[in-house]
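Notes follow once the structure below has been shown.
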Amino acid sequence: MDAREPDRNGAAVQKPAPATVVVCEDGPVIIRGDYDLRSQTDEPIDPQRKTIALCRCGRSLQKPFCDGSHIWARGVTHGDRSNRT
């Protein structure tokens, strides 16, 4: 499938690649492609890259991005909040 389509003048323009989302078991959510990242107050967040890892464990010091802190949170699953500090 061609990712190009003609603009109003007939010139081929590159269509944005759709975003893909991968949920890693006991890890982050990986987002690749063209996406719009916003805060809970709807402020845009510029990730400065096309592929990002979003934190799911809540321990990252670089939220919303994953910093690998889930590796040190052994024994705590993402659905279990009883062991979190």
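Every residue gets a Cβ built from N, Cα and C, even glycine.
Computed over the domain 'Iron-binding zinc finger CDGSH type' (40-77), the whole-number mean pLDDT of the model equals 89. What TrEMBL records for 40-77 is domain 'Iron-binding zinc finger CDGSH type'.
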For the domain 'Iron-binding zinc finger CDGSH type' (40-77), could you work out the same-chain residues 6 or more beyond its ends whose Cβ comes under 8 Å from its Cβ atoms?
23, 26-34, 83-84
Where DSSP helix means H, G or I and strand means E or B, what are the helix, strand and coil counts for the domain 'Iron-binding zinc finger CDGSH type' (40-77)?
4 helix, 6 strand, 28 coil
